[in-house]
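Here's what TrEMBL has on this protein:
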- 17-193: domain 'FAD-binding PCMH-type' (DOMAIN)
- Arg162: active site (ACT_SITE)
- Ser212: active site, proton donor (ACT_SITE)
- Glu278: active site (ACT_SITE)
Amino acid sequence: MQILENESLKKYTTIKIGGNAKHLYIPESIDDLVNLMERIKNDKYYIIGGGSNILMNDQKTYENVICLTAMDNNIKSLGNGTYYVGASVRVQELINHINKDGFCGIEYLYSVPALIGGAIVMNAGRGRGHGLSISDFIEEVHIWDGGSIKVVKNDKCGFEYRKSNFKNSKVIVLGGKFTFDKIINDGSRMTKQDRINYSKKVQDYSGPSFGSVFCQHDRKIMQIVRILSPGFKNGISFSNKTSNWLTNRGEGTYLQAVSLINRVKRYHKIIGRKAVPEVIIWE
Ligand SMILES: Cc1cc2nc3c(=O)[nH]c(=O)nc-3n(C[C@H](O)[C@H](O)[C@H](O)COP(=O)(O)OP(=O)(O)OC[C@H]3O[C@@H](n4cnc5c(N)ncnc54)[C@H](O)[C@@H]3O)c2cc1C
């Protein structure tokens, strides 16, 4: 296991905002992780996967941070479109792998810079109206539950829109068993290239971001907030292209992002609505 001391976390997040880790642990196997957790399980710890949906406090030093990029990078075929996939596998790598084997299903995640563990925790998927998420293909999730390794069947994972029982908990997702669809080339399914084209068209890649800010919000209120307070010059601002995204124009800070998020929440509250952040905020 690698252990980095006083490591800046900026480069571990897609929005390029980070605090510091007093100890940054990078387990290189499940055994590494379990041994580490035996030591630190009673302390506060934070988990980073792909870092694509986390807003860290850049003023803060976090005592224990665990980065899961190297814990388990294996994709094991169990036959007939069923795979065991380690939490550290990149979503794109999994899609490439199953497509080569003649299977498909989650191509709409080809643009998502996540690891499988993070995608399971967040139940990553398409927008609310599409009713598609990674949990549609999950059979079971393997976790470290605070004491030992357990296997949780899909119906016990609490999957909902951008939600699972593993979100904001002490549980660490180690990997999952998936069963994907067989590819039928009748032109009806979304391919990787379709998703790349779609993302280029509608998603804002002009600067670092963490994707959607809210998983529940009112589009009209967001538009009003964006017009009234577009954001900070050279810092965090609402995207002009993707309505529910914040973009870091280079000098963005935690406080700027939080102030825009709170502004959206306040506007919702005024008219009796609720805006629920999707992004995980490390206060
Ligand atoms: C450009 C861009 C496009 C995006 N598009 C989409 C999209 O189309 N659909 C969508 O759903 N999301 C999208 N997102 C958001 C984000 O990619 C997803 O939420 C993704 O699932 C986060 O995965 P991650 O590995 O980066 O997790 P992280 O951001 O590292 O972590 C997210 C949360 O999960 C926890 N966590 C991560 N891994 C584990 C683990 N193994 N065990 C326990 N806890 C863990 C973290 O502590 C944190 O609380 C996008 C983000 C970006 C930047």
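Every residue gets a Cβ built from N, Cα and C, even glycine.
Residues belonging to the domain 'FAD-binding PCMH-type' (17-193) score a mean pLDDT of 96 in the model.
Cα spacing between Ser212 (active site, proton donor) and Arg162 (active site): 11 Å, rounded to the nearest whole number. Its Cβ placed at the centre, Ser212 (active site, proton donor) has 19 other Cβ atoms within 10 Å. Glu278 (active site) and Arg162 (active site) have their C-alpha atoms 7 Å apart, to the nearest angstrom.
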